[in-house]
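According to TrEMBL, the protein carries these features:
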- Gly107, Ile108, Ser109, Gly110, Ser111, Gly112, Lys113, Ser114: ATP binding site (BINDING)
- 839-848: compositional bias 'Basic and acidic residues' (COMPBIAS)
- 24-428: domain 'Kinesin motor' (DOMAIN)
- 693-713: region 'Disordered' (REGION)
- 839-864: region 'Disordered' (REGION)
Amino acid sequence: MKRVGSQPAKLQKKYRAEDDAKDPIQVYCRIRPIQSSLESSCIKVVSDTEIQIYCPPDERGISREGQFSYKKIFTEYETQEVVFQDLGLPLIEQLLTGKSSLIFAYGISGSGKSYTMTGNQEDGGIVGRCFDVIFNSIQNYQARRFTFKPDKLNGFDVYSMEDALFFKSEDFKNNVKNPSKTSKKKDGDTDRIPFNYKIMDIEQDVAYSVFISYVEIYHNYVYDLLEDVSDGEIRRNSKIIREDSNGNMYVHGVNEQEVFNADEAFEWLRKGQLRKRTAPTFLNMDSSRSHTVFTIRVVQAPLDTDGVSIIQDKKYTVVSQLSLVDLAGSERAGKAKTTGQRLQEAGEINKSLSNLKQCLKILYENQSSSNLRNIAEKIPYRTSRLTHLFKSFFEGSGSIRMLICVNPISEYTELLPVLQFGEMSGSVQVKRTTPLRMDIGLTPGRRKVIDVQSINRIPCVIEEDTRVPQDNKINYESKENCFGSYLNLGPPLPDLEVDDLLDNEKRQQLITALDQRIKKKEELRALLITQSNDIRSQIVVLESNYAGAKQEINSLQILRDQDTNKVKQYQNKSFLLENELASLKRKLEFMDNENKRLKSDLNAKDNMLNQVSVDKDLLKQKYNTKIVKKQEQLSREFKDKWKVQENEFEAKLQDKKRKLRHIKNIVESTENIPGHFSRRIVKRTLSDESLNKIEPVVNNGKPTDSKQNEPSQATLRYLRSRRSKSCDPHERWIEHKPPVPIPLQTVMQPKLKKRKSITKLTDAKTVSNNGASKYCLLTQGSDEQGIPEAKLYKADIIQTMGGGAQVVFNDVETLKQDSPLGGSPVKNRIQAYNNEVKAHRGGPEDIQSKCYGIQGGYTPTSRK
């Protein structure tokens, strides 16, 4: 709070003594109620001072949360009255004691800032309730209208009663000439419900006047919402911000209206709101497109010694103000779906809010790091009109409070910066200001004494008449009789005409009568002086007695007023407690209804779960029955198949035994046949697929060469390879085989025409970018008996949407050589040939060469 004009030396010294004290910015948080029960809240109130937000898990299953602390949390159940009692009422008390204050309403678009600040006709906001409390408190101490007038330099001039009456007559003439300026109430408007609360502890020996102003900051320009223009006219002249002689920032040339009651102030507020710039967006049908500042200024001036007139000395005038700032909500263009002019407005709003954040952040950093560096960073107040206007508050001209409004259905990314800014603002400290009370050395309680005297003046004199001593009493009846006898000023004057004045006798009679009347007059004058002296002495005695009685009455009245104030304070507290109790009852009823609803939902869900459990048991029993029947059916089918396979295996076994007996007979029959003939028979017999037909050996009678009979030259016909039936000639294959495969020379080796052979598969692009549709993997090893075998793993190549490929295996072919006698065919042939050689010759080398001859291979040296 800054006083207009120069301050006395004592007050300046007292103010400097408390310059170093600082108070933090008090930050409150209010949660907007959820309109629909289908909407889910992302906010959880932990306590009266802590709030927690969280977001649901994303696609990766990651969820985020944050916890913030403030001065107080207003939940969705708190009413407008509760918010005002905690946030606005203490500032009204400071305002009436001469201290300035500032309230910010901050939040995203659609979070309830404007409703909290202005409210509506039935449920007023902070501004309307401030009007009611101020005028309820000063209604008996208001100054005459036009006693104070703005001096256009952020101060006020004080005028006498005659000047005030003159200004009032001039204003009346202007209103008669321009009736459109008077505010008219519309037919659709309802009566406003006042807020009945009164502050008792205020200074009574001063006169109060209330002035209001209403401005908006649009596109970083300041416009006056109470400007004297006709309805519908566009405001084009922006205002400038200046600094007064005391260092306070103000809007130069703004229209300040003096209001005398709450209804008049509320009417000016409604008029300014009609001129306020608003527009519908996707998030809010009545979105504010500018920052609005409503300022209430209270002017105080002390009364003179008589307690009737105001001291017309400007240096004793005290001016305090309460600024109520409704900040426009920050919004995202993508979510609000703003375009064109609305998009430009949103950009300017976000820019000014960003500058406010930056100023508070730098102020916080300067305070927290003041001991670490000598030069503090300069705060960019002039970047925005909003911060420039309230620069003096940030530098300590008044206390600051901030209300953070949040919408619980907003996204986590939108709420996080708002709550972080509010928590950071609570750490910023501003200089503490001391309320100034005017003390000019006059007797306190002057106004009350004058009021008592004006009402009870005559009865007090009558009561004092009984206290006069008997010696000083005057017999008023005798004096009246005496006055009645002395009021005759002598004999009557003779009736004379103009001609009678020439007669000496008649003229002498006239002179004698005049002499007698003069003498009587002198006697009456002496008697009057004597009686007036007696009355004056009696009045002095009465005044002395009256002064003592007046002091006694004043002391009793002070005691009575103190008791009355205490009673009213208790009544106000009881009223607040009753309101709080009613709020708690409403909250309890709501919670009971919610509990009943949740219980009914729980019972319904339990019934559903029971029904689902019963259905599940029935379905389980049904499927168990089906499973048992299916198992019995499969068991019967398996037994039938087992019998069929057992019969097939028995037939195959009998066939194999028959073949073995036939081979045994052939071997026994070859014992007496010559060597070259028996070799061919064995060769034909072992290589014949039927094993039942013996091809006759034709001998053309030509002599055989000795070299042809050697084992190294004995060869068999090469077996012709055929293609596997699973190979389609139109398919493109990738043949994946070992680097050095072992030739098996079997008939089951497939021939892949369209193929790409690889030995190592190290890059996925070999499969995905080759255009192949089939994949074949060749592995070679040996089985349990040591017989070499090869396995072909066949698969389909399926192209994926990402540009890769998927290999799905669907078949395995096993390639190996076998013999009807079992075991390795090579070993069996060698064993059979050894037995033949032993029977005829008995030479080991001849047996080995014969074996190779039967096999159709090369010489033993080549095999080694």
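Cβ atoms are placed via backbone N, Cα and C, with glycine included.
Because TrEMBL annotations are produced automatically, they should be read as predictions rather than curated entries.
Residues belonging to the domain 'Kinesin motor' (24-428) score a mean pLDDT of 85 in the model.
Sequence-ordered, the extra residues of this chain that approach the ATP site, with Cβ no more than 8 Å from the Cβ center of Gly107, Ile108, Ser109, Gly110, Ser111, Gly112, Lys113, Ser114, are Arg32, Asn284, Gly329, Cys405, Asn407. Other Cβ atoms within 10 Å of the Cβ of Ile108 (ATP binding site), summed over all protein chains shown, number 23. Non-local neighbourhood of Gly110 (ATP binding site): Leu283, Asn284, Ser287, Gly329, Asn407, each in the same chain, at least six residues away, with C-beta under 8 Å from its C-beta.
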